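So the structure is just underneath, and the comments pick up after that.
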2 protein chains.
Amino acid sequence: MVSRVLEEIKKTIIQRLPSRVQVAKVEFEGPELVIYTKNPEIISENGDLIRELAKDLRKRIIIRSDRSVLMEPEKAIEKIHEIVPKEAEITNISFDDVTCEVIIEAKKPGLVIGKYGSTSREIVKNIGWAPKILRTPPISSEIIQRIRRTLRRNSKERKKILHQLGNRIHQETKYENDWARLTAIGGFREVGRSCLYLQTPNSRILLDCGVNVAGTDEKTSYPFLNVPEFAPDNLDAVIITHAHLDHSGFVPYLYHYGYDGPVYCTTPTRDLMTLLQLDHIDIAYREEQPLPFNVKHVKKCIKHTITLDYGEVTDIAPDIRLTLHNAGHILGSAMAHLHIGDGQHNMVYTGDFKYEQSRLLEPAVTRFPRLETLVMESTYGGKEDVQPPRNHAEKELIKTIYTTLRRGGKILIPVFAVGRAQELMVVLEEYIRTGIIHEVPVYIDGMIWEATAIHTARPEYLSKDLRDQIFHMGHNPFISDIFHKVNGMDERMDIIEGEPSIILSTSGMLTGGNSLEYFKWLCENEKNSLVFVGYQAEGSLGRRLQKGWKEIPLKEEGKTRVYKVKMDIKTIEGFSGHSDRRQLMEYVRRVSPRPEKILICHGDNYKTLDLASSIYRTYKIETKTPLNLETVRIQ
Amino acid sequence: MVSRVLEEIKKTIIQRLPSRVQVAKVEFEGPELVIYTKNPEIISENGDLIRELAKDLRKRIIIRSDRSVLMEPEKAIEKIHEIVPKEAEITNISFDDVTCEVIIEAKKPGLVIGKYGSTSREIVKNIGWAPKILRTPPISSEIIQRIRRTLRRNSKERKKILHQLGNRIHQETKYENDWARLTAIGGFREVGRSCLYLQTPNSRILLDCGVNVAGTDEKTSYPFLNVPEFAPDNLDAVIITHAHLDHSGFVPYLYHYGYDGPVYCTTPTRDLMTLLQLDHIDIAYREEQPLPFNVKHVKKCIKHTITLDYGEVTDIAPDIRLTLHNAGHILGSAMAHLHIGDGQHNMVYTGDFKYEQSRLLEPAVTRFPRLETLVMESTYGGKEDVQPPRNHAEKELIKTIYTTLRRGGKILIPVFAVGRAQELMVVLEEYIRTGIIHEVPVYIDGMIWEATAIHTARPEYLSKDLRDQIFHMGHNPFISDIFHKVNGMDERMDIIEGEPSIILSTSGMLTGGNSLEYFKWLCENEKNSLVFVGYQAEGSLGRRLQKGWKEIPLKEEGKTRVYKVKMDIKTIEGFSGHSDRRQLMEYVRRVSPRPEKILICHGDNYKTLDLASSIYRTYKIETKTPLNLETVRIQ
């Protein structure tokens, strides 16, 4: 069936391309159509033709060189250095025998591509190898290096995976698409272990697969994958909307459980998700509560991940097309738009989203080509969940820092590694650069540094304002001199004993990690300040401090010591990556087209129900609030 | 696991029985515990002991004789005739080598059993074989004979089936029962193809599996068995609430599809269901629209059916106990009460039910030991669906018959074979017997006769009033002389040309069958009357006549002839086997204990929603109106 489809496509391609072009082979690689040719240079000169072909065939097209035209690697490297200007700062060149691509890593990838791709075309013309150009992050990222290494080393296996997947996706549909339904597998009427399962007569898609890190056992920590309709071996695709563990943390388990298919997400989500998954395994191991998967499964996940840019329409099953759109929550966070069947139904799953401009990101997208069912989060869906405006929050933060520094104190900001930390870094950098706060060192401890490195590797996903700064004004706030990476315990002691400073450290709720250590050192001095910028869960140390506890017993080298809290405790609201109640309601008003049905997820029971009934009363749109294990028909 | 359980049980039994009793073997046969003994007579003398044992073990117990104590069949027959009084009118004696039972069919089975089982005990004491006593129906039933024959001939296979099933049911549960959910597979927001799917972590149960006879293709005729969570090979049980095809018509397909487990229903449901399923296959074959199953699968269904009496609590899965209760809809119709887990949840699925005393049946049961979720039908759930009282309906009928007979006309009552036909027979018999209508022949045409025979075989399932008549007053209305079975076309011509009479004939909507033939013969004479007592679907000839059509074109031997309707057309409401709107609301008020949640099924979209919102407004009980393919969590 697929071979017949390919035969047809090959005919069309040969007909449309200039007759000089020799098409060696045409095949599917995951969602993409790959054309192998002996004349890659001719094709690359005809960019418009390829774009038109892609549009007509409704396929994403990649051009690869036939093995026969490849230049010897050593010579090719020389040639590349000849063609590419020095200012591009190439840091690495490697060759992929399997895909016949040359992978060029450079600090300024734009200069390797050239104006309208001219330099890149020049490369393929001269050396045969098709260039794949990657950014060398200004802060080196261990995770990105690791991912790139894994993909390079497993190139052959990955090609096989993509080839099989391609054939599966491009099958004809077996059944009429006369229904579609969603099963709540986790994260409904609760926050944590988000997992939503879409079924049609032809395919089965999982949207997010998270863990509840606050769960006490298997039953409360993991999604209900034992739901009778779910089987990992007939799952077509997994879509991850963003990297936080409550959305991505259980993906490695899927591979342990027998899943062998693709994970779709943005590139930053893949990078950050890998970082968080590995950290999760580490922590669980240290705490002697091992997870039901290990590093091997994270690696398998990397090999099966297909990254998509925002707006890229992609076939992920014979009857389903996926497009990711910016969700404004963290770097790479996405809303998933699914086009089901021949336009029978369109749904959007928001994942976590922020419908407000932040320092880091643009607000969530509201316009979709078509939309019948909206599945939206409700973390701050309660009537009372109204947050102060962002500039108010920033002023509060600056005031606290200013006062603390003036009295010679230090500011500890416990913060989650991915998202809020970088948002604060951008704020601090600006206020220090513009002299509103005088220059003090800002110490970045733990995983925050690595997460920031990933941010610097993917500047295309940042807000327009930041992109302008980085690309046009040559100013990247993340690499400012004010930020110092903390390396080990000695440096920490220096910081504690040193001059006034600002410290960003994980965990965000003081439940462990270095932020807890800093707290112990700093809490008994009334000059210092502790600033909470994120949610403090019931039962966490952070929450107790918010409630005004002044004596805190903490374990230390086996004994318990009582700390007398004298430092200033401050909570600043308004930095959340979630839409508050007003933004959620406003989002529903603005989303276009107007959906016929809205399902509410990712919120405490009360907040889910409150938001649902408010939406229904205000906009007269049907709302549903399924429980985990319930199934709702959307078509 | 099961063998360990059995070992324990055997120990207990030996301990509790008199020491003289030799227990040869103990095993599970479906839901029952079978004790094989060399002293069946001692055990049968200790009825109380066995009852107590059953209660303590929470198992249904059957006593069987060990092969070594069986008398030779020929001698045994002689002995039986010696012991049983002639008045019992034994019609057949056969021996089942596999179960070591002697099957005695008699017109008065009570006399074979004897007072408190004395005669039956005498039999086992003398011949070793345990007697299984069956009623010989006063009207011979081909279907019952066929079923008994099938079971007799496949006794060995059946024992194997029951043995395997027994081991499966009595396993220990594998998972904690922390959820239960229901998937609507058919018959929700519609009437037809009823099918409800219960899932727990330990088991999967199908409640009803019907067809929509008015469906136009596979997609509208059959339940959505392709729903992803359903697989015939891991289904634990099928429960059929009553015999009508919209509840039982697709069961044979399950066996075609790979199901190999039990069907639970009452004995009349098994008999009537078999009758209707075979008829369905016949009609489909004649109309050249064959079904996706055949007679072989009906036979397989018979071999796998386990009949239960009302009130008999039965294990059907490691975590589920089923009890059937009278539903008042047709003979043997039941509500299914399911006790899930260790009392975690109790649900009742009403099937079709009548909450009113009828001639034929007692009203539906309202009291259950426990009840959290009620799934109820809503055929007449609309505000306007109020029917006149039953005695009013009877008076209307009698008036019409009286008038028609007086003017020398004939009365044609097109009627569905199972249910309404027998209800009318009881009414007619009484009015004629008491002289309110003078004696006229009542002709019973087509399948009605066979369905009536099944009613006479199962008098225990009839209303108390009828049971009193039959058992205590020796008067069975169904075998009254006024009823005449119509055999073939010659007799039909005699009826048409003969004296005034009443004709009951199928189909009930004049969509085919002999009622249509009678209509053609009778319609052009203004002396005759046509009486509708049941629902006439849109598009049927019955409906057109109700609307007042006076010229009816009908096909006859290839040509179309226009019939001028001169006969009197009358519709009498109030004979329905469904609860009307008031009875549905009253049922919810009376059902005890008060359920926490009510799911509405088996009604047109509007009626489902109308009943749901009325129940919620009146009783403040949460109601749900799932669509087919939706899943609702009940625990």
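The backbone N, Cα and C atoms fix where each Cβ goes, and this holds for glycine too.
According to TrEMBL, the features are:
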- A:H242, A:H244, A:H329, A:D352: Zn(2+) 1 binding site (BINDING)
- A:D246, A:H247, A:D352, A:H602: Zn(2+) 2 binding site (BINDING)
- A:96-166: domain 'K Homology' (DOMAIN)
- A:192-390: domain 'Metallo-beta-lactamase' (DOMAIN)
- A:421-545: domain 'Beta-Casp' (DOMAIN)
- A:3-70: region 'KHa' (REGION)
- A:71-138: region 'KHb' (REGION)
- A:179-383: region 'Metallo-beta-lactamase N-terminus' (REGION)
- A:577-635: region 'Metallo-beta-lactamase C-terminus' (REGION)
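Using a 10 Å Cα-Cα cut-off from A:H602 (Zn(2+) 2 binding site), the binding-site residues that qualify among A:H242, A:H244, A:H329, A:D352 are A:D352. Local packing around the binding-site residues A:D246, A:D352 was summarised as the count of other Cβ atoms within 10 Å of each Cβ; on this measure the leading residue is A:D352. Here the domain 'Metallo-beta-lactamase' (A:192-390) returns a mean pLDDT of 96 for the predicted model. Annotated Zn(2+) 1 site A:H242, A:H244, A:H329, A:D352; additional same-chain residues within 8 Å of its Cβ mean position, judged by their own Cβ, are A:T241, A:A243, A:H247, A:A327, A:I330, A:S333, A:G351, A:F353, A:G419, A:G577. For A:H247 (Zn(2+) 2 binding site), the same-chain residues lying six or more positions away in sequence with a CB closer than 8 A to its CB are A:S194, A:D208, A:C209, A:G210, A:I240, A:T241, A:G351, A:D352.
Taking only the Cα positions, the spacing between A:H329 (Zn(2+) 1 binding site) and A:D246 (Zn(2+) 2 binding site) is 13 angstrom. Long-range Cβ proximity for A:H244 (Zn(2+) 1 binding site), meaning a same-chain Cβ under 8 A and a gap of 6 or more residues, is found for A:G210, A:L276, A:I330, A:D352, A:V418, A:G419. Residue counts for the region 'KHa' (A:3-70) under DSSP (helix as H, G, I; strand as E, B; rest coil) come to 34 helix, 19 strand, 15 coil. Over all protein chains present, the Cβ of A:H329 (Zn(2+) 1 binding site) has 29 other Cβ atoms lying within 10 Å. Cβ neighbour count for A:H242 (Zn(2+) 1 binding site): 30 (other Cβ atoms within 10 Å of its Cβ, all protein chains included).
Residues A:G187, A:V191, A:G192, A:S194, A:D208, A:G210, A:T241, A:H242, A:H244, A:G351, A:E377, A:T379 surround the recorded Zn(2+) 2 site, their Cβ atoms falling within 8 Å of the Cβ centroid of A:D246, A:H247, A:D352, A:H602, which are themselves excluded. A:H247 (Zn(2+) 2 binding site) falls within a helical segment according to DSSP. Taking the Cβ of A:H602 (Zn(2+) 2 binding site) as centre and 10 Å as the limit, one finds 30 other Cβ atoms among all the protein chains shown.
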